[in-house]
Structures are given as structure tokens and as C-alpha cells.
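Enquirer: Would you mind keeping the following structure in view while I ask a few things?
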Amino acid sequence: MVGLIVQAVEKHPAPEGMAYTYGTAGFRTKAEVLDSVLTRVGLIAALRSRSLKGKWIGVMITASHNPPSDNGVKLVEPMGNMLQEDWEKLSTTMANKATPDDVLEYYREIAETQHINLDAPARVVVARDTRASGARLLGCLVDGLKAAGAEYKDYGFLTTPQLHYMVRCLNTEGQYDSYGTPTEKGYYEKFGAAFKHAMKGKKPSGGLIVDCANGVGGPKLNELIKYLPTKEEGGLDITVINDNVIKPESLNVDCGADYVKTNQRPPPSSKAGPNDRCCSLDGDADRVVYYFKDSSNTFRLLDGDRIATLVASFLGDLVRQAGLADKITIGVVQTAYANGAATKYVEQHLKLNVECTPTGVKYLHHAAEKFDVGVYFEANGHGTVVFSDSTLRRIQKHVPGSLGQKEAWDVLRATVELINQAVGDALSDMLLVELVLAHKHWTVNEWLATYDDLPNRLLKVTVSDRNIFKTTDAERRLVSPPGVQANIDQEVQKVRQGRSFARASGTEDAVRVYAEAATRAEADGLANKVASLVKHAGAV
Ligand code: NG1
Ligand code: ZN
């Protein structure tokens, strides 16, 4: 093994002057400087699996919504969760080891400090999105896996959530909590059947146009459609657009969830008419946002906050109608980027608990796990619903007291099956939204009418060192640089329904400023004021 590790690391030398960090989305940067990282990630994945006595660990090669020339890699824990935080640190240190000797020494050090038996089995599953650099990076990863003596399964192209699904299935195979069959067909069958069952013959109103960002979600959605009830059977009428994966340079270009959310407009390729229901996935299909143009041709976004409120209200109704209201509590988890109107709607109208966490899915997921049913979404469309084990058992064991209760209970059980509980999954989330709209007999206009978003603005400020911006209270208040928060507070006081915060981005070299207020002019004015406070504070 020693010789093999040295050989693999020699084959993929680290470029000089690079500093890699395992951030909220794993390692992500220009694809051309990632070879050495992938080989080292192969070693880390093998160690992580061995530390868990040979449980399957996932490795996904993707850079999500980033441009086609980027790529990235992230690790997946056995139940399909994001990598544990202390292993993020180990991964970062390993990625920055330059020479084969340094890598080998650190490999042994991890084994020692983590009490890992290097003779234990190591099992790793890998998949990638459709980027041109994916095949080469896969080769670099496999060299690391082989050198570490890991058994590996390559699923080829998958969406990120599909890979998470495979990992969870492989680790629960044959157990009481078996998540499903660890094949692509198994994934489509599970979610297709759950959707059909939960729909209970309800007819969706109108069709759905799905923009797949020219990413891996395109071919996977086209496959999933084969497992859904057909249009003739009263199923969904889906039109797939931007599913060109033959031209990887078109990935995320003028399309996809990030384009739509950032530019507040549909992809130029969309031929949707007024009130046509549309949604966009991101490049690896773990984010989805809905939108439409209203009768006066105004663009209307239905983002992650909207999906969370829609789903939470539906689950609340089902739990009540099934006679489970006093046994199951539902909570909604958001970040500071959630629109204030969404938070108010959940608390005051839906009367559910809301928790706010720092940005990053791992924080939201963790907070959601504390509720019986935890609905979590980032405003940008990344999220899912998690059900605790005891809640799942309570739902299963429930004896409905009437025919009405039984109806709701049936739909609730099928809805649980429809939700990818390992991770936010754009395809599963999309089916969930379609399910709720069909059950509520709602069009996009009725969904939009549930509350009015406060006008808001998100700005990016470049400073010389973003790390001096430190926050508290789920990133809503700055503790450093000193004095800046007091100035922000003063500006917030000057506008109606004002709220604003600044935090260092975890994925870009910038500080993000968010502001919302009663009117567009006040929100923009507040955002600009706070941005200049940040700029000034960052200039020292
Ligand atoms: P940063 O760059 O830390 O703000 C961004 C998104 C997050 C999340 C991560 C990727 C915003 C404001 N931030 O994080 O929600 O999606 O990228 O994991 O959208
Ligand atoms: Zn993504």
C-alpha cells in the first residue's frame, strides 16, 4: 500500500501556490488545479470508510451551479449526510500536503489519531456530473482509492442527491430501515411509486416547464418521467428544456436555478407564456426554484422560502387530518436570507416553530433533525424535509379513527416516501411541490398569494480580507470589525420593516450584504448604505 500511495501521489503532483479548503460545498475551484485534490480525497474516503468499519462512503464530483470550467468534490457520510466537520478539517489538511512523503505521513497520522485499523475494509461509491473535466478527475480519484486498497463502485453520471440516495441504500440494505434499492432504477421506482400513490388520482392543473441547466438533471428527469403516471393517466405534463449534456460548455450558461434566482428572470430559452408554471434545477440537481410570468408579464419567483411554507402547510394539514396533531410537531428551519414575510407567515399564519441557522445545508439539516418533522430550505432552493425515527414509527403505528383520517394518513405515508430524506433533491422536491399544488387545487397565482415578499437586495462587497468579518446570532449580527454592527443598526432604524446583515461568504472571496424593507427604494437604499459601511470597514 505504501508504494502505491507514493506512486499515486507522484502521478498527480500538487500545483504550486494553491491553498485548498473543504468549504460548505466541499472542494470547489477551477477544474485544472483539482487533480491532486481528487487523489488525496480518494485516500481520505478510504480512511473515513475504515473508521466506520467498512460502511460505504460517497464521493461526488461536481461544481453544482458554477461555470463549466470549474469542478469540485464532496464526501458523503453513510446515511447520505454531509461530511462530519472534523473530517472536513482532515480533508483540508490532506489536500494541502505537497509531497508524496508528506501525504503518506499524514495518512498514517490520521489512522493513528482516529484509531483506524488500516486492514479494515474500505468501501466507496463515486459519481459525477456532466462536466468535461469529470472523467479525468474520476481517474485521479480512482488512483487514490486503489492506492488505499478501497473497494469502489462507480455509478457514472448521477445527480448529487442520487449519489446520496445510493450511499444510504447501500448502508441500509437488508436492514429494518432499508432506504431502497441502490440502483438508478430503484431510485426512479421509489420516487415514481410514492408520487403516484400520494397523488390519489388528483389532477395537476396545467403543465410544468422544467429547465435543467444543461446539467445531469436533464437526462435523469427524462428517465424519471418514464416512471410517473402519464399525461393520459392524469399525470404531470412535463416539458423539459435545457437538457443538452452533449455540449458541456453550455452547463449553467443562461439557465438553471442560480441564473433565475440571481437575475430574477426566466432563462432566455424559455417559451413559457403568462401564468405557465416553470421551475429550474441547478447543475447537479440539488436545488430547485419555481417561477412564472403573471398576466401583466411581471416575473414572479417562488423560491426556497415559498417551497418551505407550501410544504409545511401541507404536512401540517395532513398531520391534523390524520388525527396526529397532538403527537407530531412540525418545525421550519431557515437561514437569515429567508424573507421576513416568509418567517412571519410560518409563525403567525401556520403557527409553526421557526429556527434560524448559519448558511450551509449541514447546519439546517442538523437543526431540522431536532423536530419530529423538520422542513428546511435555503432561499436559493436547497432543502428537504426530515422525519425523526420516532415520528416515522408513530406514523406507521397510527390507527386512523375514520375514513377521512385514513385518507390523510395514506397520503402522509406516501409523501414521506416521496421526500429524499438524505439530502435536498431537486427532482424529489419538484414532485413534492406538484403534489401539494394538485392536492390544494392551486395554481402558481394562489401559491404566490399566500404572502407578499418584502422587497430585498443581496449585494456582494469585495474587501481585502473577508475573514475579519465575524458574526454571531446565526450570522445576523457582526461582532467584528468593532463598531460596524452599531452603524448597521442605525441604518436599519431609518427604514420601515428594515432588516439587514453582512457576513463573509463561505464559497466566494467576498462579503455578502442582505437588506429588506417595506419598499423597493428603502431596501435598495439600506443595502447600499450597509455595503458602504462594510467596504469602509474592510479597507483598513
Ligand atoms: P455563501 O457563499 O457562503 O453565501 C452560498 C449560498 C448558500 C449555499 C452555498 C453553497 C447564498 C446567499 N449563499 O454560500 O446558500 O447554497 O453557497 O453550499 O445564496
Ligand atoms: Zn447544486
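Cβ coordinates come from backbone N, Cα and C, glycine included.
Nobody curates TrEMBL annotations by hand; they come from automatic prediction.
So TrEMBL lists these for the protein:
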type	residues	note
ACT_SITE	SER64	active site, phosphoserine intermediate
BINDING	SER64, ASP282, ASP284, ASP286	Mg(2+) binding site
BINDING	GLU378, ALA379, ASN380, ARG503, ALA504, SER505, GLY506, THR507, ARG512	substrate binding site
DOMAIN	57-89	domain 'Alpha-D-phosphohexomutase alpha/beta/alpha'
DOMAIN	97-174	domain 'Alpha-D-phosphohexomutase alpha/beta/alpha'
DOMAIN	183-289	domain 'Phosphoacetylglucosamine mutase AMG1'
DOMAIN	303-442	domain 'Phosphoacetylglucosamine mutase AMG1'
DOMAIN	479-531	domain 'Alpha-D-phosphohexomutase C-terminal'
Enquirer: Which Cβ among the recorded positions (SER64, ASN380) has the fewest C-beta neighbours inside 10 Å?
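Expert: Among the recorded positions SER64, ASN380, the sparsest Cβ neighbourhood within 10 Å belongs to ASN380.
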Enquirer: So of ASP282, ASP284, ASP286, GLU378, which of the binding-site residues has the fewest other Cβ atoms within 10 Å around its own Cβ?
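Expert: Least crowded of the binding-site residues ASP282, ASP284, ASP286, GLU378, by Cβ count within 10 Å, is GLU378.
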Enquirer: Determine which recorded stretch among 97-174, 183-289, 303-442, 479-531 has the most C-beta pairs below 8 angstroms with the domain 'Alpha-D-phosphohexomutase alpha/beta/alpha' (57-89).
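Expert: Result: 97-174.
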Enquirer: Name the residues of the same chain, 6+ apart in sequence, whose Cβ is under 8 Å from the Cβ of ARG512 (substrate binding site)?
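Expert: When sequence neighbours closer than 6 are ignored, ARG512 (substrate binding site) has LEU458, LEU459, LYS460, VAL461, ALA502, ARG503, ALA504, SER505 within Cβ distance under 8 Å.
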Enquirer: Cβ within 8 Å of the Mg(2+) site centroid (SER64, ASP282, ASP284, ASP286 excluded): which residues?
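Expert: Once SER64, ASP282, ASP284, ASP286 are set aside, the remaining close residues are THR62, HIS65, ASP129, THR159, THR160, GLY215, ALA257, LEU281, GLY283, ALA285, ARG287, HIS382, ALA426.
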Enquirer: Select, from ASP284, GLU378, ASN380, ARG512, each of the binding-site residues with a Cβ positioned under 6 A from at least one atom of ligand 2; if none does, say none.
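Expert: So the answer is ASP284.
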Enquirer: Counting across all protein chains shown, how many other Cβ atoms sit within 10 Å of the Cβ of ALA504 (substrate binding site)?
Expert: 21
Enquirer: What's the CA-CA gap between ASN380 (substrate binding site) and ASP282 (Mg(2+) binding site) in angstrom, rounded?
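Expert: About 10 Å separates the two Cα atoms.
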Enquirer: Which of the recorded positions SER64, GLU378, GLY506 has its Cα closest in space to the Cα of ASP284 (Mg(2+) binding site)?
Expert: SER64
Enquirer: Taking 10 A as the limit, how many CB atoms besides its own sit near the CB of GLY506 (substrate binding site)?
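Expert: Taking all protein chains shown, GLY506 (substrate binding site) has 14 Cβ neighbours within 10 Å.
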Enquirer: Determine the binding-site residues, out of ASP282, ASP286, GLU378, ALA504, lying near ligand 1 in the sense that the CB is under 6 Å from one of its atoms, and give them in sequence order.
Expert: GLU378
